[in-house]
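Participant: Quick paste from TrEMBL:
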DOMAIN    A:17-270  domain 'Glycoside hydrolase family 65 N-terminal'
DOMAIN    A:327-678  domain 'Glycoside hydrolase family 65 central catalytic'
BINDING   A:TRP361, A:ASP362, A:LYS590, A:GLN591  substrate binding site
ACT_SITE  A:GLU488  active site, proton donor
DOMAIN    A:687-748  domain 'Glycoside hydrolase family 65 C-terminal'
COMPBIAS  A:767-776  compositional bias 'Pro residues'
COMPBIAS  A:777-790  compositional bias 'Basic and acidic residues'
2 protein chains.
Amino acid sequence: MMITDDAFPVEPWQVRETELRIDLLPQSESLFALSNGHIGFRGNLDEGEPYGLPGTYLNGFYEVRPLPYAEAGFGYPEDGQSIVDVTNGKLIRLLVEDEPFDVRYGELLSHERVLDMRAGTLSRSAEWCSPAGKQIRINSTRLVSLAHRGLAAIEYEVEACHDVRITLQSELVANEDQPPPSDDPRVAAALNQPLEAVQHEVAERGALLIHRTRGSGLMVAAAMDHVVEGPGRVDISGDAGPDWARTTVVCGLKTGERLRIVKYLAYGWSSLRSRPALRDQAAAAIASARYSGWDGLLDAQRAYLDDYWDTADVEVDGDPDCQQAVRFGLFHVLQASARAEQRAIAGKGLTGTGYDGHAFWDTEGFVLPVLTYTAPRAAADALRWRASTLDLARDRARELDLAGASFPWRTIRGEECSAYWPAGTAAFHINADIAMAFERYRVVTGDDSIEKECGLAVLVETARMWRSLGHHDRYGAWRIDGVTGPDEYTAVVRDNVFTNLMAAANLRVAADACARHPDAAAELDVDTEEIAAWRDAADAVHIPYDEDLGVHPQCEGFTTLREWDFRDNTEYPLLLHEPYVRLYPAQVVKQADLVLAMQWQSHAFTAEQKARNVDYYERRTTRDSSLSACTQAVMCAEVGHLELAHDYAYEAALIDLRNLHHNTGDGLHLASLAGTWTALVAGFGGLRDDERVLALDPQLPCGINRLRFRLCWRNFRVTIDADHQHVTYTLRDGPHSKLKIRHAGRILEISTDAPTKVEVCEREPLLPTPKQPPGREPFRRSRVRSDSQA
Amino acid sequence: MMITDDAFPVEPWQVRETELRIDLLPQSESLFALSNGHIGFRGNLDEGEPYGLPGTYLNGFYEVRPLPYAEAGFGYPEDGQSIVDVTNGKLIRLLVEDEPFDVRYGELLSHERVLDMRAGTLSRSAEWCSPAGKQIRINSTRLVSLAHRGLAAIEYEVEACHDVRITLQSELVANEDQPPPSDDPRVAAALNQPLEAVQHEVAERGALLIHRTRGSGLMVAAAMDHVVEGPGRVDISGDAGPDWARTTVVCGLKTGERLRIVKYLAYGWSSLRSRPALRDQAAAAIASARYSGWDGLLDAQRAYLDDYWDTADVEVDGDPDCQQAVRFGLFHVLQASARAEQRAIAGKGLTGTGYDGHAFWDTEGFVLPVLTYTAPRAAADALRWRASTLDLARDRARELDLAGASFPWRTIRGEECSAYWPAGTAAFHINADIAMAFERYRVVTGDDSIEKECGLAVLVETARMWRSLGHHDRYGAWRIDGVTGPDEYTAVVRDNVFTNLMAAANLRVAADACARHPDAAAELDVDTEEIAAWRDAADAVHIPYDEDLGVHPQCEGFTTLREWDFRDNTEYPLLLHEPYVRLYPAQVVKQADLVLAMQWQSHAFTAEQKARNVDYYERRTTRDSSLSACTQAVMCAEVGHLELAHDYAYEAALIDLRNLHHNTGDGLHLASLAGTWTALVAGFGGLRDDERVLALDPQLPCGINRLRFRLCWRNFRVTIDADHQHVTYTLRDGPHSKLKIRHAGRILEISTDAPTKVEVCEREPLLPTPKQPPGREPFRRSRVRSDSQA
């Protein structure tokens, strides 16, 4: 179901749905999800139904389930972890006289929802005429507090257009019914009634429910409290059962009168703490919310976001789609991470159950680069989460007969949950992706406290893993066999260039970190011989190159594999229509792999190699993964295909706002949303940091007049303001400080005293703009817009 | 649990258990299994318990079960097929006075079981003293008729040593309790109560039960009837329920008196025929059995086997273990196939539920070579079965986006049942193994009726599959990528030498067959261009070769993979202790792969290449598959390591008689049992046929004084009688006929008029005897014998 501009107009600071599209409910619930990284609310309607997927999530709160194998194998994980739809506190049911407000009945005269990215709220206004002809207006506003981690709140107001009796039922409901499960492997496993009731309590204006998972043994408390304002007599009462609690408000409204309630919601969960402790934690959060009051919560929310936008905003003149989308992406990246505080940032954040709520390499590879430059504290917390799973990764390495630590391909709590090892365990590159995220954090922020605190052990243990996974062949080349790179259509290969380069970087970074922290390294039993062995392997790493074609094969032999028949196989994503046994040995690429290597390890390729490689892989890449378009945008921009890059940036940006991958309903594609920033900032801004210098090289496509973005670098904030001729670099947070950056390959010193204006360095493409496989051209901005206007 | 010579002495024509070993019950039930290829009885005790695994099987009678995947993938089979333990008719319970005869109670004074490979019977004699002190003798003999496909029979005799009352309950029991399931992926899935009762009938001296499977919709009828002889008053009565039927015989015996019953058993099953038709079929078989009588059945059984041994026997002077074992192997190969009549020959025959009762490439690759030379009619029937599944293989090819037909890696009825594609679907070599089995049959028997009847279509469709799976690279080499060869520890590889050579042979054989049958080929839409394309691909096939080492890498790049650490990993089979992700990219070999290529495509390798390759792979092969030792025996013999070859022959031969792989209890290793013949005949006899000539080249190891074996070739039977100096070739089935064979590489004409005696051509090994990985030396004959004597 495509989302069009009619339903969701392009506006710079908000996402607005102009009328209720029931067919788009799964998608709009994801788009309108609110989260602070700890609590996640899908944008379900206040009254609970109709719904696409009911969803209330707590980061790290999962249930285990057995992973079945028709043919077992050693080392296959036995248990999966699945995100749980916890107690739903969003529910506010409304009866108008004796008829429940349900948009499917009566007449919906108007309905608008607005996600306000500066206010951090989802608001809704509706006019409804009941089947009996009674008309009302509803205004509700919902927030998940960025300032107070355990809190959410809803303001709900009903205005009568006739004299009516109004009944509100504000609820907590556990074990909500779920839609039937799907066959698509990218969708979650169905969890049926995952919560076991522990306790329910009713108070005068609220209630509390405590539940527990059966397998993972986690306990969750959800509490609600209400402020009620209404004219005349207002009756408030409460009742509850094991899986539900209800506060009922009844009053009579005369025409023009309003009933307003504010619902405070508190959530807490723990694997350790007692039932009374959780109960008190929820009660304390409620008390704190009452102390702030609704306006106080709104103010704190906006203040948090004002600060964020001041640090992170990207302005895209001339391209309103990308303007809206990059803010939408940054907003959701912040929502997924702001208060995650040493919990994972899942592939879909807390916006849906897609991929079972698991975190993948998306976190370190796609989300953390953005957070490191825009919200470094959140990046540090995400790194701390990963480091907290190191012991589990050590266990996994031992199971795999490897040294050091091997991090899971997909997980919630840290155990490997991937049940298909060729696109799971074999994707060892995640270890280097994690290691390099620690290094990027250190380089960009200049803060090496995280390295000291927990990063060094991660670097050392991943280096050890690589050293035991790779080997020197009898010609002295250091090779890594039997691994899967980012491209999951060519798996279990020899010498994947991406993996080999990242592994070598991981080894070098670990060696350097040990030199910085010799005592801590010694505690990890690292000696000079071990460090030397890391450096030797890194220096001898084998990078296959096809001399005849002048391109890098993505892995050994790739360029002599069978060419894929793109004319005969036209149903995408291919993974749902073609067997792996046919995909793997063909020159068909799911997602940027060698091309991603050229972004992340930019210094390892010449400009000519980059141009030729882009040209080769563009023709063979299907972008069946949402992680691809942003990378293709960056590298197409670098080699001078600026218009193609702009198309890819658009595709990465609009993936969810226009449901381009047809599965936004399962949750947002957080990596692609983060990739919007990357496409603009690394693509058209030319940002690179793989040589530990802030390197920029802006050049804009025709459709963008001006690009203005901000970065944190060391103790500075840097603003980059580029148009087609000039770039202005502004260094903030002085006084009288200077910073050496690289502009278009040359060192440039910028100062807090005054902006520095330089000329754009125009890139001429070495090769003509490449073609993509038939039917896999990027979504053209022009086409999508005209379609939607038709 | 090792089986020793004490419990099972080495005797030339029988397998005898000298005392009842309850700890060895699972193994002895497999060893003592009786079958005619249609009905299979495990060697369970007459009284039903104790048991290792109760088993009564009908070839082709299976139930479907869903194959679960924690992560689904396109083209994964959704349904598995599992062999069903059908109605057990072997049961004869005995009460001595009021106490049931159970070997675990009272006192077992003696117990002996004998599998007689000339009589085709399993007999048992026991003396037992009941807890109350009443002593009896029991003699029973069981046969599954080779002459009458639907029949089995049991003679059961009780002799009283005191005056006692005897009660016999002869039964049919459906849905027997099964032992708890295992985690070992090589074991079957558990089927619980797979049979649904349809009908039960009681007659004067017998009964009938009809059941049906729920998923696969198959119906089975089992009937029994009895002849009873006893002194004095003998009461006979019958009763039955949905899942059981019983004939009860009561009589009083004085000391020295005997009660004898003969139980006739008839089985029939169908997916199509009606309940009355099945009932009548069983009744007719019973009537026929009564007409033959017990002695008639015994005589027919022996006559069938006399004829078989006259054609097939192998005499091994000087090595009584191998002598017994090769006959044991031939006996079970015959049992698995004799009356299979267009049903599969499963990997474990009808001796157990291991591998779910599936047929693999074992059939065409290991069993059919033996049958083709020793029981060609059974071989023809097995080929007809495979051809009968061609349409399913066409469907599977279409699903895999391939032309032609792709046969399943494992199946009962023809649908792919492999749930792990890297060691299933990717093992495309099974298609060439099947094609070459058709070709071998044609070459060896001189009968091209099977090719006309059904083989041509198989050859054409497999050739088409290969042509679409492989591709020419830009240098003109024809390559096959992403496939798994015989070695399942190095999977999804490029240019597996075995696969490429077999595929090329498949293509050439298909081309030649089309030339022989131009009209039939035209009906299959084969034209000269297609045939030319097959020949072109075959001629351009890429066979990787490592010039530096002078060996063939088993697949592209194999010889530069990491060496496996055999010192650190010492738990075998490795697949139960190491993850695939580590096994695949290392130089560790589960089973002969390149070495098998050198046996089956002998002409494609020089003598020096063979010697070097054997040397290289011996050092890296774990023999974790039971399909390996026989091949290693053959190739070690060819390159002159005759003593090592003898050890491997011993290991292949004794795999089940000595439970060398510790899973004989799940069923016999039919391919390895067939491989005993192959080790002796192709190893020490030097039999090859890959150049369409009967080629022989006997040379014996020290421990075998004389090897005498028989082969069918065209319309002849040939006897080869070799000692250390001479070989005598005798051509039977004259008169006055001649045959050109190859002896030690030279053409030799032999005649029905007189035997031809020539000298053995001694082979000098080019290289010293190779070492195996530590701990993976073959089971030494000397060691095992001395252990068992200790």
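Including glycine, each Cβ sits where the backbone N, Cα and C put it.
Nobody curates TrEMBL annotations by hand; they come from automatic prediction.
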Participant: Using Cα coordinates, what distance in whole Å links A:LYS590 (substrate binding site) and A:GLU488 (active site, proton donor)?
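Facilitator: Answer for this pair: 6 Å between alpha carbons.
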Participant: Quick check: of the binding-site residues listed here (A:TRP361, A:ASP362, A:GLN591), which one has the Cα closest to that of the residue listed as 'active site, proton donor'?
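Facilitator: Sorting the binding-site residues by distance from the residue listed as 'active site, proton donor', the top entry is A:GLN591.
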Participant: Run through the Cβ atoms and count how many others sit within 10 Å of the one on A:ASP362 (substrate binding site).
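Facilitator: For A:ASP362 (substrate binding site), the 10 Å Cβ neighbour count is 26.
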Participant: For A:TRP361 (substrate binding site), write down the residues of its own chain that are at least 6 apart in sequence and whose Cβ falls under 8 Å from its Cβ; none is a fine answer.
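Facilitator: Residues satisfying the criterion: A:TRP409, A:ALA427, A:HIS429, A:ILE430, A:ASP433, A:ILE434.
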Participant: For the domain 'Glycoside hydrolase family 65 C-terminal' (A:687-748), DSSP counts of helix, strand and coil?
Facilitator: 0 helix, 35 strand, 27 coil
Participant: Within 10 angstroms of the C-beta of A:GLN591 (substrate binding site), what count of other C-beta atoms is obtained when all protein chains are considered?
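Facilitator: Summing over all protein chains shown, A:GLN591 (substrate binding site) has 22 other Cβ atoms within 10 Å.
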Participant: What counts of helix, strand and coil residues does DSSP assign across the compositional bias 'Pro residues' (A:767-776)?
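Facilitator: Helix/strand/coil tally for the compositional bias 'Pro residues' (A:767-776): 0 helix, 0 strand, 10 coil.
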Participant: For the recorded substrate site formed by A:TRP361, A:ASP362, A:LYS590, A:GLN591, name the remaining residues of the chain with Cβ within 8 Å of the site's Cβ center, in chain order.
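Facilitator: Result: A:PHE360, A:GLY365, A:PRO486, A:GLU488, A:SER625, A:SER626, A:LEU627, A:SER628, A:ALA671.
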Participant: Looking at the domain 'Glycoside hydrolase family 65 central catalytic' (A:327-678) alone, can you tell me the average pLDDT?
Facilitator: 97
Participant: Under a three-state reduction of DSSP output, how is A:ASP362 (substrate binding site) classified: helix, strand, or coil?
Facilitator: helix
Participant: Validating a neighbour-count step here. Other CB atoms within 10 A of the CB of A:LYS590 (substrate binding site): how many?
Facilitator: 23
Participant: Note down the number of other Cβ atoms within 10 Å of the Cβ of A:GLU488 (active site, proton donor), including every protein chain shown.
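Facilitator: Cβ-Cβ neighbours of A:GLU488 (active site, proton donor) within 10 Å number 23.
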Participant: Looking only at A:TRP361, A:ASP362, A:LYS590, A:GLN591, which the record lists for substrate, tell me the maximum pairwise CA distance in angstrom.
Facilitator: 16
